[in-house]
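Annotated features in TrEMBL:
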type	residues	note
COMPBIAS	53-70	compositional bias 'Acidic residues'
REGION	47-70	region 'Disordered'
TRANSMEM	6-28	transmembrane segment
TRANSMEM	102-122	transmembrane segment
TRANSMEM	142-168	transmembrane segment
TRANSMEM	189-216	transmembrane segment
TRANSMEM	328-351	transmembrane segment
TRANSMEM	372-397	transmembrane segment
TRANSMEM	409-433	transmembrane segment
TRANSMEM	454-479	transmembrane segment
TRANSMEM	485-506	transmembrane segment
TRANSMEM	550-570	transmembrane segment
TRANSMEM	582-601	transmembrane segment
TRANSMEM	655-681	transmembrane segment
Amino acid sequence: MVAAVADVAIPACAAVGIAFALWQWFLVSKVKVSAYAATGNGHRNGGAIFRSEDDDEEDVGMGGDHDEEEEGDGVVAVARCAEIQSAISVGANSFLFTQYKYLAGFTVVFAVVIFLFLGSVHRFSTESRPCQYTAGRTCKPALANAVFSTASFLLGAATSVVSGYLGMRIATYANARTTLEARHGVGRAFSAAFRAGAVMGFLLASLGLLVLYLTIKAFALYYGDDWEGLYESVTGYGLGGSSMALFGRVGGGIYTKAADVGADLVGKVERNIPEDDPRNPAVIADNVGDNVGDIAGMGSDLFGSYAESTCAALFVASISSIGADHDFAAVCYPLLVSAAGLLVCLVTTLFATDLFKVKTVRGVAPALKMQLVVSTVLMTVAALVVTFAALPARFTLFDFGEVKQVRNWHLFLCVAIGLWAGLAIGFTTEYFTSNAYSPVRDVADSCRTGAATNVIFGLALGYKSVIVPVLAIAVSIYVGFTLASIYGIAIAALGMLSTVATGLAIDAYGPISDNAGGIAEMAGMSRRIRQRTDALDAAGNTTAAIGKGFAIGSAALVSLALFGAFVSRAGVADVNVLNPKVFVGLLVGAMLPYWFSAMTMKSVGSAALKMVEEVRRQFATIPGLMEGRATPDYASCVRISTDASLREMMPPGALVLLAPLIVGTFFGVRTLAGLLAGALVSGVQIAISASNSGGAWDNAKKYIEAGASDHAKALGPKGSDAHKAAVIVESGFNRAVLFY
């Protein structure tokens with residue numbers, strides 16, 4: 001009976017999530033943009049529109065004090081917004097399709113490698129073999145395992161690509177609509193941006209759950225009672241998602257960081273023009289980068305962590321007593337947790353968009369914080385219900401040779417500890433990256449004496465911000481392993497990601513708001529509208545850092561669970577650091593994140609150098625550009641970012657994927673175990689500190705620009721020495737270290 005309910009509940013919840021995403025998309029689409037584009041009299045050039053002297057006369061109050069008239073002015077402003085939105089959308093589409101062509105070739109090659117490695121273990125045998133973990137049973141041939149693992153890898157890669165692309169589409173669809181809604185108040189603009197983020201969050205979580213469920217059902221037609229082979233082959237799904245996420249984050253990151261540096265250093269510092277000013281040749285590339293890096297890249301990243309944690313938990317469950325008894329509901333407990341999470345996130349989203357609507361600028365940050373708290377509390381209750389409904393009171397984990405008795409409430413505690421650890425990471429990230437608190441204000445204050453002290457304060461903030469997240473991750477690992485061994489750690493990671501739909505909605509909200517502010521500036525809309533979009537953007541910078549915190553924390557837990565599975569599967573009894581082979585691997589592994597970061601940072605630096613030179617060239621050689629009488633060549637800047645990202649994304653990705661294969665092949669499993677452990681421990685610390693330093697530098701700059709307090713006014717205004725120091729560090733150092 002319970003198995004039948006689970007069989008219906010999992011796809012039903014996924015369908016509800018997809019339907020809710022489409023409903024949110026419909027609500028966003030009610031804000032019309034394109035209908036007005038043809039009636040505007042802006043001047044088209046390369047997909048963007050620029051203000052002329054005639055336009056100033058037609059747009060009532062464009063530079064005056066008639067804010068209400070400016071906000072009601074629709075025809076020309078909407079026409080400009082539509083053109084700019086189209087330029088951003090075309091640029092993002094072009095880049096992603098080109099990137100996916102490159103990745104298609106990699107995916108095919110790596111799929112062949114997976115097939116050859118797995119098939120060669122038993123010489124591509126077509127004979128049935130004794131199961132490795134379930135004594136007395138026969139498992140399917142090694143060749144079948146290689147074929148189905150390769151197929152699940154391709155499915156995971158495809159789902160990751162689709163998730164990233166859909167996120168980009170809704171972001172470019174909603175950015176101009178958020179700008180236009182800002183004419184009617186910050187509340188409506190917030191709703192448009194957050195609903196669009198929810199579309200991405202629910203589509204990604206629902207598609208990931210549904211495709212994984214259908215994959216299990218399809219593979220079961222062949223595997224039958226061989227659940228060990230079935231769920232082992234399904235683990236390729238997580239690998240496919242993570243592989244695409246790696247290249248998506250690197251490629252999109254190089255694109256957006258290079259464009260950011262060029263736009264800010266030349267535009268703000270050298271030319272003293274506003275952010276997203278249409279005279280800046282790099283402004284379109286900058287806004288395209290927000291979508292391909294922070295939206296598509298982050299979507300693929302969180303999908304990879306979600307898929308890996310689910311697949312790891314499923315496989316461990318399949319070789320336990322509940323797997324031996326073929327208890328579908330119990331084995332698919334990870335899927336049921338994710339399904340319940342979709343319903344919880346649906347209710348949580350309504351808190352922000354319908355039940356407690358944002359009405360003032362000050363209400364934006366609390367509304368986003370409420371999303372974290374409400375989703376965590378409701379998910380704790382939902383996890384309790386799912387745990388006692390799906391799991392037997394007591395069962396045995398055959399955890400790679402170790403027998404452990406587990407009670408169902410142990411698994412509930414594992415989910416809960418992951419959930420609340422995620423909340424702790426989120427709140428810590430908010431404290432260290434929001435300009436509402438002293439850490440960011442201290443960083444802003446340090447700009448009084450120049451960029452050098454700003455760098456020092458920002459780095460110190462990042463290092464200090466590591467303490468609480470690492471302790472939260474450590475507690476999750478200890479509790480999870482104590483209660484349910486490796487399975488407990490995987491379930492804790494899944495708990496942290498069980499509200500991934502809400503997490504992604506909050507994360508995607510930031511770049512959408514950032515784009516909305518850029519469109520408002522480029523369209524020449526009123527100062528009040530820009531202030532509203534800036535307020536949304538400032539909160540979005542913090543939520544983006546929170547999203548990175550969740551991604552890093554969950555990735556750490558998932559990596560440890562997979563590491564434990566590898567060590568046990570490889571027959572390594574222990575990882576003894578006194579063993580020279582292990583210690584050598586540990587040192588090399590700890591070095592890999594630095595090597596990876598060096599490659600990506602140099603790529604960003606090289607692309608940014610070309611971008612800065614191109615922007616300087618255009619300002620120097622195009623007559624009337626600075627006065628707004630001429631149009632920049634946006635295409636050349638877009639081309640620089642595109643070429644650099646596509647050319648430079650492969651070497652870092654190859655380093656990550658090939659290093660374990662090379663070390664394992666030539667130096668053995670013990671050295672490889674040390675390598676993986678070193679990379680995990682080193683990477684987590686660096687990633688958290690760099691992410692929070694970057695968020696703090698960004699919001700310190702915006703704190704000075706906003707001038708919302710006496711302290712901020714004393715540091716400003718825009719163009720002051722303190723502001724220039726903030727821009728230099730945020731544009732250069734921040735964009736580089738974020739690659740950690």
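Using N, Cα and C of the backbone, Cβ positions are placed for all residues, glycine too.
As the structure is a computational prediction, the values presented were derived from the model and not from experiment.
For the transmembrane segment (189-216), the most Cβ-contacting stretch among 6-28, 372-397, 485-506 is 6-28 (pairs under 8 Å).
Contacts between the transmembrane segment (550-570) and the transmembrane segment (409-433): present, as 3 or more C-beta pairs lie under 8 angstroms, all at sequence separation of six or more. Beyond the ends of the transmembrane segment (409-433), by six or more residues, the same chain brings 333, 337, 369, 372-373, 376, 379-380, 383-384, 387-388, 391, 439-440, 461-462, 464-465, 468-469, 472-473, 475-476, 479-480, 483-484, 487-489, 491-499, 541-542, 545-546, 548-550, 552-554, 557, 691-692, 695-696, 698-699 to within a C-beta distance below 8 angstroms of the stretch. With respect to Cβ pairs under 8 Å, the transmembrane segment (6-28) is most closely packed against 328-351, considering the stretches 328-351, 454-479, 485-506, 582-601.
In this chain, the transmembrane segment (582-601) does not touch the transmembrane segment (328-351); fewer than three CB pairs sit within less than 8 A of each other, excluding pairs fewer than 6 residues apart.
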